[in-house]
Amino acid sequence: MTTQTLTPPATAATPAPRRRFRLTGERAMFAYTWLIIAWLVVPILIMIAFGFNNPKGRYNQTWQGFTLKWYKDVFAISDLTSALVISLGIAVISSLLAGALGTGIGYALGRYRFRGADGLNLIMFATMSSPELIMGISLLTLFVSAGIGLGAVTITIAHVMFSISFVSTVVRARVITLDRSIEEAAADLGASPWTTFWKVTFPIILPAVFSGVMLAFALSIDDFVVTNFTAGTTVTFPLWIWGATRVGLPPQVNVMGTLIFAAGILIAVVTSLRSRSKAKRD
Amino acid sequence: MNRVKRTLAPYLLVLPGGLWLLLFFVVPMVTMFSLSLQQGDIVNGYVFTGHWQTYVDAITNYQTQLIRSLVYGLITTVALVVMSFPVAYWIAFYGGKRKSTYLFLILLPFFVSFVLRTISWRQILTDDGMLLHPLKEAGLLSPGFHILGTSYAVIFGLVYNFLPFMVLPIYVALERIDPRVVEAARDLYAKPLTVFRKVVFPLALPGVFAGVLMTFVPASSDYVNSGVLGSSSTTMIGQVVQAQALANSNYPMASALSFFLMAVLLTGVFSYARVLGTEDVMNAAAR
């Protein structure tokens, strides 16, 4: 991660005019990067701002005064609240399941050489690069042909399916870089393979497992396309928003979006600070 | 006994997750293909008749939307490469200690729901919204000017939503370049542009490939952006598939369209891979 050395090697051999050119090029790219970041943030700022808007009619798209009432009434629309609760429930269950199943695959792929590993890698690559539309349709055809009723269970099945590969990839990366001598030391001290795994290996790969589960949670709570095809009449948070686009979104959606955004940022910042202070201690 | 246990261990670890992927990824793809060749309806059931005519109908009826989706996907991807490269380059080479902060800022949109972000753009770009209304009041735009419902709006939305997927892989590739290689090129009197063209860009190509893979396929099969920001004249194939599956319950047609789309996308991706050389592609894929 150290490429600071790459800043122009300002040797005497470099002619002065070219150095000045490079400097302005750097400045232009700096400004451009911030412009792109600003562009990425625009709709988020609008979402946050319009959670404080006081619209008269049904359409919440022109500024009509500041209010905090939507924060007070954030759960006033019962359909929307239950959609959020369903989304959270599915995200918790599917991320834990994908975490368990994906860790098994990631650990096996990182640690052992075994028959079928190539095929498994191929399937994982395929699940990560397949268009969501196609995964959604194919699951729909499976559930319809098998006569399985669509709902929260089929959504969860689908979310676990597309999350497993992401968890496995994160865990495998950690297992590959694992220092085997620590495990050998534990074995030399008489620990059984079972004890070695739970007392030594698992604590080391736990941060990777945790970030895999967080990734699966984020993928699940935001998923629209696959959910749209596997939901039946069940409504999740993104599906509710999609359904409400034609009639105008209530400001409560902005408030919930803002709260989810804030929670996500908070979790990300806390975990990154914790890992940073841990890295310092090590 | 212990040896048996050890050789069995990877299989036991892989079994539950592998079965899940087999049952809910591989089997559905086969079901979908089989259903695309079946005839019948949801009430009376489907019979396998090897009915390839569905594919012919799918392609002749929806060729406009199919071609439009691929064109939108292509334009989006090219725009993304051009737009993302300087960002990834600046963060990788000049980000210094703040690299992770910049990457975090690039990833910021992912903390807000994809559908909600797209709708937020609709609220901004709408005919009497906060962007066009003041410009029209000031007489800078004709009163009839609009952005929503045009192909520009749809491509704008696609570029917006997929930008981080292009910046990240290019960044990863650039970040791995050994600074000494660049220094060596400079020592050999290569001009900055030559250094970029002959050293930096070729080394970044696997990242560009990974980015294209991560953006072209989802962008051309997307139906959220064209649904929220577009109109009937910007309908993409994803919307057709969604309508056939969810509104008309015409599962054979939805399956045939999906399968055909997947075949076209994969052919595109693999011919691109051939041009670039398979080794780089495997490296990009492994990442």
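Note that Cβ sites are derived from N, Cα and C of the backbone, with glycine treated the same way.
What TrEMBL lists as domain 'ABC transmembrane type-1' is B:66-270.
Residues 46, 48, 251-252, 255, 258-259 of the same chain lie 6 or more positions beyond the ends of the transmembrane segment (B:12-35) yet place their CB under 8 Å from a CB of it. Marked as transmembrane segment by TrEMBL: B:12-35 (among others).
Look at TrEMBL and you will find B:70-91 (among others) tagged as transmembrane segment.
The feature transmembrane segment is assigned by TrEMBL to B:103-124 (among others). Listed as Cβ neighbours of the transmembrane segment (B:103-124) (distance under 8 Å, sequence separation of 6 or more from its ends, same chain) are residues 87, 91, 130-131, 148, 156-157, 160-161, 163-164, 167-168, 171, 224-225, 228-229.
Remote same-chain residues near the transmembrane segment (B:144-174) are listed as 72-73, 75-76, 79-81, 83-85, 87-89, 91-93, 103, 106-107, 109-110, 114, 117-118, 121-122, 125-127, 132, 136, 200, 203-208, 210-212, 214-215, 218-219, 222, 225-226, 228-231, 233-234, 236, 284, 287 (criterion: CB distance under 8 Å, separation of at least six residues from the stretch ends). The transmembrane segment annotation in TrEMBL covers B:144-174 (among others).
If you look up TrEMBL, you'll see B:195-217 (among others) marked as transmembrane segment.
Taken from TrEMBL, the feature transmembrane segment covers B:253-273 (among others).
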What residues in the same chain, six or more past the boundaries of the transmembrane segment (B:253-273), come closer than 8 Å to it by Cβ-Cβ distance? 32-33, 35-36, 54-55, 57-59, 62, 66, 69-70, 209, 212-213, 216-217, 220-221, 237, 240-241, 244-245, 281
